[in-house]
Structure formats: C-alpha cells, structure tokens
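One structure is given below, encoded as structure tokens.
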C-alpha cells in the first residue's frame, strides 16, 4: 500500500494557510505587537478612518447649509462665507486623506515580490477598501454640489420669468453664467428687461454663488480624478475583497461559536466525570458496608 502521509500533511498545511489568510483579512487594529510594522500600519489605518468620518460629517453639514441658503431669497454674507468655509475644509480633508492613502499604498515592487504574502494582501485590502469609501464620499459631494448648482440656476430662471425676462433662453442663460463676472451677467440682463432691485440682487447673489460652487467642483475634480480612476480599475478586486472580508468575518464568528461550544462540552464532561466519581465512591462505600455486615453476621 502506498504511503500517503506526506500528501495528507501537505493538505493540512494548505488548509492552515487558507485559515491564516482568512484571519489576516479581518485582523483588528491593536492586535499587532507594539512597535511592529503592523502596529504602525494599523495606526495609519485608524487615522484615515477617523479622517474619512470627519469628512463625511463635513459633507452632511455642507448639504444642510446649501438647503438653508436655497430657502433664503437673499442669504446673508455670513451664511455664504460659512458655506465657503465648509467647502475649503472638505478640500483640505480630501488632500489629507489622499496623502494618507498614498502612505499606506503597497509599493509595486514590494507587492510583486510578496504577492502571495498574507500580510501584503491584507495591506492591499485595507488600502482598497478605504480608497473606495473615500471616492464614494467625494462622488456624493460632487453630485450634491452639482444638484445645488442646478437649483440655483433654476432660481435665476424663475426670477427672470417673474420679471418678464422670459425671452432669455436656457442657452443664453448658460452663456451669461459662464461670463465669469457678476457685473457682466447683470448688465446682460438689464439690456432688454425691467428688473426690480430685489430680483436683481437675488440674481446677482445666485450668480456669485454658482461661480464659487463651480470653482469648488473643479478643484475637487482635479484632486480626486486619479484616485477615482484607480479605484474604478480595481472595482472588481475591491468587490472580491469585501466579499472575502464578510466571509472571513463569518468564518471567525463560526470559529468563536465552535470554541464556545467546545468549552461548554468540556465543562459538561468534567461534571460527568465528577458525578461518576461520586457514584463510584458511594458504590464502594455501600459494598464495604454490606461486606462488613455480612462478615459480622
């Protein structure tokens, strides 16, 4: 009969390696040795996560402020300044996250050399998932600002109709919006129309807001285009990563349940042993008593 012990051992080694890979995908920050490269890596990951959460909060604040300004015919300068400050903070946080992601990105040479390393794949996983979260948040911010721009344009269009300036077509309106200066935009409106001072002020304010908004959108686009492209190329890989993380988390959870069950079974086995020992002791005592009584009798 052929000795297959070596093959079985190889199978066990392969299974152990798969288990290690699964666990590596869901390694929790703080489990690495203090001062080790992994601990430093996870410290950076925690920092990025915290910054992404902070960015998300700022995006929510921006959305609320935009809704408030849209509901105000003539928003105060302080409101517009607060909105611009939020945009600046979002851009600054975006730059910070981009640099932080760059710092944990596995170098190509290192990744190629250690492609099958569990540690390398874990780092690529963390970088990929964080990058995707970042890009999704920025896409949400850009979409939100684009929608805000359209609502401002609609407010201008509505004001023009109210003031009998309805002859301005959508194309002409876009051309005037692209003029780059509020004064030029307003003078173009005044050429052939009679506009009230209040309506004129609102139109001018909306136009200035649109200009600032467009600059913000362009700057965000310039900052994050390369990262969005990279994440799009890695989209399938990131989806696999998320699937692996979920399955790995289930795997670890099942493992914890198995350990818990094993401990409970172990406790039950110990209790059974104690009960058996007690029963045996009682039986021995009874036999001794019976034998003693018989001998005396």
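Counting begins at 1 with the first residue displayed.
Placed from the backbone N, Cα and C atoms, the Cβ positions cover glycine too.
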Look up 31, 47, 68 in Swiss-Prot and give me whichever carries the note phosphothreonine.
31
Among 117, 216, residue that the record in Swiss-Prot marks as phosphoserine:
117
Whole-number Å only: compute the distance from the Cα of residue 208 (phosphoserine) to the Cα of residue 117 (phosphoserine).
54
So for residue 208 (phosphoserine), how many other CB atoms are inside 10 Å of its CB?
15
